[in-house]
Amino acid sequence: MQGDYVLGGLFPLRTAEDTDLSGRTQPNTPECSRFSAPGLLWALAVKMAVEEINKGSALLPGLRLGFDLFDTCSESVVAMKPSLMFMAKAGSCDVAAYCDYTQYQPRVLAVIGPHSSELALVTGKFFGFFLIPQVSYGASTEQLSNREVFPSFFRTVPSDRVQVAAMVELLREFRWNWVAALGSDDEYGRQGLSLFSSLANMWGICIAHEGLVPLSHATVPQVDATQGLLQRVNQSSVQVVVLFASARAARTLFSYSIRCGLSPKVWVASEAWLTSDLVMTLPGMAQMGTVLGFLQRGAPMPEFSSYVRTCLALAADPAHCASLEAEQPGLEEQVVGPRCPQCDHITPENVSADLPHHQAFAAYAAVYSVAQALHNTLLCNASGCPSQERVRPWQLLENMYNMTFRPHGLAMRFDASGNVEMGYDLKLWVWQDQKPLARTVGSFDGSLQLQRSRILWHTPSSECEEGQVRRAKGFHSCCYDCVDCKAGSYKSSSDDLTCTQCDEDKWSPDRSLRCFPRKLKFLAWGEPAVLLLLLLLGLALGLALAALALFVQHRDSPLVLASGGPRAFFSLACLSVACASVLLFPGRPSLASCLAQQPLLHLPLTGCLSTLVLQAVDIFMESQLPLSWADRLRGHLQGPRAWLVVLLAMLAEAALCTWYLVGFPPEVVTDWRVLPTEVLVSCYVQSWVSFGLVHITNAMLASLCFLGTFLVQSQPGRYNSARGLTFAMLAYFITWISFVPLFANTHVAYRPAVQMGANLLCVLGILATVYLPKCFLLLWQPERNTPEFFLGGRPGDTRGRGGSRGGDETQGKNE
């Protein structure tokens, strides 16, 4: 298009298939046969922008922009020829040599493009020699920010440094700190890989494997090296691969990967290949895993699609093409070769796949940046451009630095390095049929914003699971094993490298993400063991009270008198109190209950056993001593003296209990460690020696009773009281000897239940062997309740030989 000022344009309208320039021996042009839809769309975006500016009055009123757009074939050899054409003197095809180019007026005012960083590094130096402004719509390598080497280079896309920062932020967000990093074997890939490696290392992201991917015309050693790298990645635990490569190099890598059977990975893509048709249409790409990458975000251009369709419709009209040919004959074909032959047959269907995600805005904005600089240089206003002086390309540069321009209403600004600040959209490949769609799942504007619900993973996760932390393995801080957080600890945040211990009043299960409050644990009333023991208590207490009532009812009978009379009542009352004492063990312990447990258990038992000892002594004297000795000794164990024996025994036990309570008092303790999920509240015994000594008095009484009755032989026609006492003491010994190992090996939470059971079994043993047989005789065999059977007297003699054993009061009444 002709104009007052002409813009040059470099676009990848075609690509060369497997071009190997290493064997090139003549300065000819490689054959470019593959049509590139993205290149055509960039060229049309420039055309649309120029037409908008020419039709409007906001920029360059009264002036008309023109353009010369050429194909680069994505090869620097091809791109240099139109670049030389741009440097030709206006109105000719010759490049003149001068000592001073200040007044030189080249064919174009500025150059839009190229898209590739590889090409921009070549053309940027060339145009920089003559200070011709060059605005790229895709070259993002950081090297182009060097003002000394590229003084006239600008771009409407962010530098790769911003894209690399977004990539690293993405890896940190997903805690991917063990990755492989690959780059294409060109300036774009090497520089991007270097930026990524340095920034990743700064943030503690470890690169397990790093390498370069050859371009399509790779040598055999390069192919072998790439395949070896892929095999190492496949055999390692790396699940994330960062690929900073051009589209052709990415296609080459994935072709090798598909042939090698690379397992699915998460691919973090650079912008150069993320939406490339070369990669997206590669057969087998759907099996490569999840593809994520950042795509520059520009202003929406909804009218661009219709503009493209209009242009393609006009291109299909032979009359329109003939009119253009007449106006603009192809004078440059002898220099740059024939025009694109495929471009005459392009339909909307050929470019429809690239339109939704195409970065046309960057090329569109590049035109507006040059127009704004020219507008400012010519001092234009709403009525026109007062300055009539012809503007040289170098004069635009001063106005382009730190210049703000508004393409499609979006404010953009070149900084001192010729870069713009633009945000990125995070894109995810979502497969539909044979080609993926790039779905937006996040954004980056200095910080990363994710839409996690929209992310669909196509690869298995390699991260530690919930409740696991990373433990470094070997000398590499990022090679790790996933370790479970044990019970009592938890993983407090996603970045934790060690498990955090729960507070003392909390607990956690294995692999927990938080702690839970502990519940109090003690022998509760509603526990099954306690309910069973309460039933046993009801049985024992009921039997003891029933026996007591029955004995009181038959207090004058020979059976009751032979059992000790009032002392039998006292013994049964003590057994009842001993039964009731077990009620101190269930429920939440208190200081009062802890102090009262042992005295109220052992003192009543001492009272019972002391009365049984008196019976045992009486039986022993009657059966083992001469009659005269027995009568003399029996006189010392009757009446108040017998009660004195009971009192002394209970005082001895009371003394031991007092020493136990005063010297080593039990206390209520809260134990946080003995139970995994609860806090145990229990009565703590400070001295097990004192605890054992409390049993000494009863053990001695039981031993005396057993020794006094064990060898006694029963007399014919007499009730065998000795046998009942012997079995009662055996029951006592069996119960409390079994209590020791059982108590020692029972969990501390259930030791109160063991004490309850031992006490009740001891009481039931005494009742079952001493008192219940006598109750049976009183109820169902009353005919045996005679002096002869119990007291050993003659018929009609209610006293008998043992008649005095019930006490003086009973003796006097019998007489």
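Even glycines carry a Cβ here, placed using N, Cα and C.
Where the annotation comes from TrEMBL, it is an automatic prediction and has not been curated.
Counting residues 6+ beyond its ends, the transmembrane segment (529-552) has Cβ neighbours under 8 Å at 523, 560, 563, 568-569, 572-573, 575-576, 579-580, 582-583, 586, 750, 753, 756-757, 760, 763-764, 767, 771-772, 775, 778-779 in the same chain. Here TrEMBL flags 529-552 (among others) as transmembrane segment.
The feature domain 'G-protein coupled receptors family 3 profile' is assigned by TrEMBL to 529-786.
Proximity of distant same-chain residues to the transmembrane segment (642-662), defined by a Cβ-Cβ separation under 8 Å and at least 6 residues beyond the stretch ends, is recorded for 567, 570, 595, 598-599, 602-603, 606-607, 609-611, 613-614, 687, 690-691, 693-694, 696-698, 701, 807. Under the heading transmembrane segment, TrEMBL lists 642-662 (among others).
The feature transmembrane segment is assigned by TrEMBL to 688-712 (among others).
Same-chain residues lying 6+ beyond the ends of the transmembrane segment (724-744) with a Cβ under 8 Å from its Cβ atoms: 609, 612, 615-616, 619, 695, 698-699, 702-703, 705-706, 708-710, 751, 754-755, 758, 761-762, 765-766, 768-770, 773. Feature annotation from TrEMBL assigns transmembrane segment to 724-744 (among others).
Through the fold, the transmembrane segment (756-780) approaches residues 530, 533, 536-537, 539-540, 543-544, 546-547, 550-551, 554, 557, 559, 563, 568, 572, 575, 578-579, 581-582, 585-586, 601, 605, 608, 612, 719, 724-725, 727-728, 731-732, 734-736, 738-739, 743 of its own chain, all at least 6 residues removed from its boundaries and within a Cβ separation under 8 Å. Marked as transmembrane segment by TrEMBL: 756-780 (among others).
For 790-815, the entry in TrEMBL reads region 'Disordered'.
Residues or ranges marked as compositional bias 'Basic and acidic residues' by TrEMBL: 796-815.
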